[in-house]
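Among the features that Swiss-Prot reports, topological domain 'Cytoplasmic' is placed at 1-21, with the record citing sequence analysis. Per Swiss-Prot, the feature transmembrane segment maps to 22-44. Under the heading bacteriochlorophyll binding site, Swiss-Prot lists H38, citing sequence analysis as support. If you look up Swiss-Prot, you'll see 45-55 marked as topological domain 'Periplasmic', on the strength of sequence analysis.
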Amino acid sequence: ADANKVWPTGLTVAEAEELHTYVTNGFRVFVGIAVVAHVLVFAAHPWGRGGALVA
């Protein structure tokens with residue numbers, strides 16, 4: 001067993017940190033796209049205060 005590898009992934013600390021940056025950046029892109037999508041939907045069909053989705 002390699003002492004530099006971290007259980008349970010088998011990645012080194014440096015590899016894990018690199019992977020974490022990719023995952024974090026991917027999440028940021030996902031959230032950004034979701035925010036833009038929500039703004040566009042709200043602009044087309046406002047919700048709340050008597051909107052179509054509120055009884």
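Cβ from N, Cα, C; glycine included.
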Mean of the pLDDT scores, which run from 0 to 100, over the topological domain 'Periplasmic' (45-55) = 61
Cβ distance under 8 Å to H38 (bacteriochlorophyll binding site), same chain, sequence separation 6 or more: which residues?
-> none
Grouping DSSP H, G, I as helix and E, B as strand, the residues of the topological domain 'Cytoplasmic' (1-21) number 9 helix, 4 strand, 8 coil
Sort out the residues at least 6 away from either end of the topological domain 'Cytoplasmic' (1-21), same chain, that have Cβ-Cβ distances under 8 Å to it, and list them.
-> none
